[in-house]
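Data block below; observations after.
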Amino acid sequence: MSTPSVHCLKPSPLHLPSGIPGSPGRQRRHTLPANEFRCLTPEDAAGVFEIEREAFISVSGNCPLNLDEVQHFLTLCPELSLGWFVEGRLVAFIIGSLWDEERLTQESLALHRPRGHSAHLHALAVHRSFRQQGKGSVLLWRYLHHVGAQPAVRRAVLMCEDALVPFYQRFGFHPAGPCAIVVGSLTFTEMHCSLRGHAALRRNSDR
């Protein structure tokens with residue numbers, strides 16, 4: 001897939017709905033921007049995996065993606081990723097791929113289907129030093145804004161543990177029932193978000 005213009009995604013003004021922390025402040029004047037949002041590249045894979053491993057293994061004992069899978073998705077579909085960098089340091093990320101079926105399956109964990117219309121969010125993680133600051137919320141809102149602007153993408157899908165269902169509902173996701181994917185003893189709820197509905201939510205937040 002040709003992606004000549006997505007590797008340097010620039011921050012854009014974004015109105016957040018009530019209850020979600022505000023977007024980062026203005027960039028300070030020095031060499032590295034105080035806050036930068038951009039699509040990730042394979043060169044970012046090691047930093048991504050370091051954050052992911054600490055965030056997920058400490059909670060569930062499993063990583064959604066191993067290092068090879070991170071590199072795989074950042075090579076095939078970098079436009080479906082988004083990283084938040086503070087003074088050049090990666091502090092939070094989302095990695096996704098396209099999926100072409102109504103529901104997630106075991107295959108969806110490792111595949112990118114270029115003709116799909118669903119952005120499958122594989123992982124969202126925040127560096128431990130930057131948690132409890134609302135960064136996950138800001139990044140997810142920006143990500144949905146970003147992928148929703150891509151003509152091929154009609155919805156976002158993910159799987160999460162039951163405790164996280166209310167968090168994702170704040171962004172327009174709705175439970176689609178138990179996910180067919182099981183990881184060890186862990187079970188998940190599958191969540192769907194129409195990006196057309198998300199655009200309407202953005203418009204309402206501007207009022």
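Backbone N, Cα and C atoms are what each Cβ position is placed from, and that goes for glycine too.
The region 'Disordered' annotation in Swiss-Prot covers 1-29. If you look up Swiss-Prot, you'll see 28-35 marked as region 'YWHAZ-binding'. Residues or ranges marked as domain 'N-acetyltransferase' in Swiss-Prot: 35-196. Per Swiss-Prot, the feature site 'Important for the catalytic mechanism' maps to H120, H122. The annotation acetyl-CoA binding site is assigned in Swiss-Prot to L124, A125, V126, Q132, Q133, G134, K135, G136, S137, Y168, Q169, R170. Positions annotated as substrate binding site by Swiss-Prot: L124, M159.
Under the DSSP three-state reduction, V126 (acetyl-CoA binding site) is assigned to strand. Note on proximity: among K135, S137, M159, Q169, the binding-site residues of the record, the Cα nearest H122 (site 'Important for the catalytic mechanism') is that of M159. Q133 (acetyl-CoA binding site): 13 other CB atoms within 10 A of its CB, across all protein chains. Taken over all pairs of the listed acetyl-CoA-binding residues (L124, A125, V126, Q132, Q133, G134, K135, G136, S137, Y168, Q169, R170), the Cα spread reaches a maximum of 19 Å, rounded to the nearest whole number. Here M159 (substrate binding site) is positioned 17 angstrom away from S137 (acetyl-CoA binding site), judged by their C-alpha atoms. When the recorded positions H120, L124, V126, Q133, K135, Q169 are screened for a C-alpha within 10 angstroms of the C-alpha of M159 (substrate binding site), the residues that qualify, in sequence order, are H120.
With the fewest other C-beta atoms within 10 Å around its C-beta, Q169 stands out among the binding-site residues S137, Q169. Neighbours of L124 (acetyl-CoA binding site), defined as other CB atoms within 10 A of its CB across all chains, total 23. In the predicted model, the region 'YWHAZ-binding' (28-35) has a mean pLDDT of 66.
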